[in-house]
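Under the heading domain 'Mechanosensitive ion channel MscS', TrEMBL lists 587-652. The domain 'Mechanosensitive ion channel MscS C-terminal' annotation in TrEMBL covers 661-747. Positions annotated as signal peptide by TrEMBL: 1-25. TrEMBL lists 182-204, 238-256, 268-286, 307-325, 337-359, 371-393, 405-426, 447-474, 494-521, 542-565 with the feature transmembrane segment.
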Amino acid sequence: MKYSLIAAFLLFVFLCMHPSFLRSADQEDDMFAAAQQEITKISQINLEDTSLAQVDVLVLQVQGYLAQGKNCVHAVGQELEQIDTTLAALGEKVTGESREITRERAGLQTQKNQAEVRLAQCRLLTLRATDLDQKLNDIKREVFTRDLFSQGPGFLELVRRPELNLEHWPSAVTSFLLSGNAFFFLKLYHFLLVFLFAGMGLFLGSRIDSLLFQQASQIEQKGFYFDFLRMLSQRKKTFQLLGVLGGVSLSLHFVLKDLQPPSCLPAAVNSIILVLILSGFGKFYGKVLAGEQDNGSVVNFSIVKTIRFQLFAIFSGLLFFVFTSPLSTVLPDTVFLLVRALVVMLWYGILLWVFWLFCSFSRFKVQRRTIRIFLVFVLGGVILAELSGYRILASHILAGTSGTIVLLFLLSLCMFAINEIVGGFGRGRYLWQQTLRKRLGIETSQVFKGLIWTGSLLKLSLVIVFFYCILRLWGLSRIYASTFYDWLVEGFSVGTVTIVPSRVGIGFFILALGWNVVSLAKDKIIRKWLAESELAPSVQDALSTVLGYVGYSLVILLGLSTAGINFSGLAIVAGALSVGIGFGLQNIVNNLVSGLILLFERPIKRGDWVVVGSTEGYVKKISVRSTIIQTFDRSDVIVPNSELISSQVTNMMLQDIRGRVKVAVGVAYGSDTGLVKRLLLEVAEAHPEVITNGTAPHPVVRFQAFGESSLDFELFCHLKDVDKRIDVRSDMHFAIDKSFREHGVEIPFPQRDIHIKSGLHLEGKDESIATAVVGTDPNTAD
């Protein structure tokens with residue numbers, strides 16, 4: 001009881017130090033009242049003639065109130081849990097308790113009542129903000145639709161306007177040069193800052209150029225990545241120029257950020273950078289798609305094809321300048337709209353020209369006609385909308401088209417990177433991957449197939465992100481985007497089960513990556529550590545296998561728990577199905593248990609010479625379910641572990657690798673048997689694998705039998721390593737044959753006499769037949 005009171009007192013002190021306690025109730029009431037008033041004021045605004053930008057401001061404001069309400073609900077909920085915990089620690093009121101405990105309980109009850117009031121206010125604020133947020137998003141969608149199909153002055157109407165008269169051009173040009181040019185407003189220290197950043201960019205670009213040149217000069221391999229690297233190294237001044245322009249752009253951003261009216265100079269520099277990047281990427285990417293490669297290096301394009309990519313890069317930079325620069329505030333409206341229309345039409349025309357070239361490549365042969373019809377339809381519609389005055393619609397399609405092109409390029413680049421990094425490492429495609437595989441102990445011919453799942457999951461994640469970005473790019477509502485995000489992160493319910501796709505994906509990714517890591521660690525790292533421990537090879541195999549299965553089990557548990565699998569529910573289901581599963585998996589469980597017995601008891605070990613039934617060979621691998629035995633003709637036989645436990649197994653090398661070899665030989669009748677015995681013993685004792693030091697019986701020669709055509713002897717020898725028995729027997733055969741030849745001992749072979757019977761006439765036959773009778777029976781002799 002004493003310790004409970006102390007814990008309750010400390011928890012009460014902690015509650016008093018909470019920020020929600022430090023803030024006065026009046027301040028919180030004022031805050032909620034102000035938020036409620038703002039929400040009421042926003043809900044009463046007439047939004048029929050409101051612009052899209054104003055609606056966005058209101059949406060951000062309401063989202064702030066919504067976040068405030070959710071945070072309040074969370075904080076007050078935690079406060080109530082802590083108060084309930086403290087009250088539970090104090091317990092119910094009992095007779096004779098001290099006044100301090102009664103006073104503390106009453107104070108906590110008061111705080112709980114106040115917290116419940118605040119919780120109700122927070123929930124009310126959250127509900128009102130949520131309703132208003134949905135209403136504003138509906139209004140935003142209506143305003144967006146209204147603005148999207150709003151029509152401005154058309155191209156022909158702009159051409160007829162009097163602002164295009166020649167007498168207005170000098171004043172317009174002078175106004176543009178004075179207001180749009182920042183050089184008239186830059187000070188000396190501004191120029192110094194620009195030159196400083198440009199010098200830093202030049203130094204960085206020079207370093208990148210030198211590094212690329214060094215890398216490309218050492219590369220002899222072929223492929224997309226190496227061709228691209230060689231192409232970059234050949235453009236020696238490109239990175240220097242990009243570095244200078246990047247430094248100038250960055251410095252102008254800081255120097256001219258407060259300049260009024262805004263300058264077009266930063267946008268112009270950024271446009272030049274974009275032209276340089278698109279020029280290089282577009283030219284090389286087109287060459288790769290065309291498949292015009294010669295001995296691993298990209299060959300030159302024709303002049304017409306090169307001009308297409310260069311024009312596309314130039315007009316892309318010009319389009320970027322028109323839409324990102326403050327040109328609309330510098331030029332007259334009529335001139336700006338005409339410039340915009342001309343640039344958009346030219347850009348779309350060149351884009352169609354470039355894609356027409358791409359469709360002529362062999363890989364687009366099947367979809368060529370469909371792609372071209374789609375491009376003509378879309379681009380024609382955009383140009384028509386721009387000329388007709390539907391500029392917001394044209395801008396929306398323009399942003400969607402250019403953004404889709406960029407996203408497709410990034411997606412293909414990321415897919416290529418995954419294939420080259422993940423898939424390339426699995427096969428050791430590049431030099432750095434081969435070096436890393438060598439350091440990890442992976443054999444050159446070994447394919448790391450487990451990385452296929454990791455790469456596939458990464459690609460699937462990229463595709464999901466790509467489609468989400470495409471939907472957002474083409475105008476997916478924030479409500480739908482939020483719903484998609486909630487579905488992805490918070491999940492959805494199927495009955496009583498909640499499925500969270502993001503957690504499932506992360507769980508599978510952890511499972512695939514962890515499986516690869518455990519496989520690599522089990523096969524290479526753990527074996528290396530165990531080899532340094534000077535344990536017996538069989539013990540090393542057993543520990544490596546057990547540690548590997550422990551690692552696999554942990555990875556599976558971690559992956560399933562990350563995916564949101566409820567193990568308590570899984571245990572109930574497993575218990576309900578245990579009987580049926582037990583009968584169905586009886587053999588599998590038997591093999592698993594037998595495998596564990598083999599690993600720990602070790603009646604057979606990897607490398608042992610065993611005989612199981614009609615199978616004889618070496619133990620190649622022992623796993624939990626089965627054992628692989630490699631026969632002498634190098635065929636792999638998979639034997640279930642239960643057979644190794646329940647049936648008879650002959651292990652030639654169980655406790656001792658020494659063994660015995662028997663060599664049978666026959667000599668002709670009349671040979672000197674003593675000489676034969678002496679020669680056989682000399683051959684045996686001369687072989688280095690035969691034990692002659694007394695630790696095993698000495699070689700012995702036995703006169704076994706009088707054969708049909710030979711005197712049969714057998715030589716018995718004990719060997720140091722029974723694994724070499726076949727080689728030793730072969731060596732002794734050669735040595736015995738040589739020794740017998742030198743001493744005139746003849747090795748006989750079976751002889752047969754053939755007697756031919758003639759003159760036998762079979763009934764019903766006119767011809768005579770000769771019957772060959774094999775043997776030496778005197779009754780059949782002539």
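Just so you know, glycine gets a Cβ as well, placed from its N, Cα and C.
Per DSSP, the secondary structure of the domain 'Mechanosensitive ion channel MscS' (587-652) breaks down as 21 helix, 26 strand, 19 coil.
In this chain, the transmembrane segment (307-325) lies apart from the transmembrane segment (238-256): fewer than three C-beta pairs between them fall below 8 angstroms, excluding pairs fewer than 6 positions apart. Mapped onto DSSP classes, the domain 'Mechanosensitive ion channel MscS C-terminal' (661-747) shows 35 helix, 24 strand, 28 coil. Using a Cβ-Cβ cut-off under 8 Å and counting only residues 6 or more beyond its ends in the same chain, the transmembrane segment (494-521) has close neighbours at 440, 442, 448, 450-451, 453-454, 457-458, 460-461, 487-488, 548, 551-552, 554-556, 558-565. Taking the domain 'Mechanosensitive ion channel MscS C-terminal' (661-747) as a whole, pLDDT averages 88 in the prediction.
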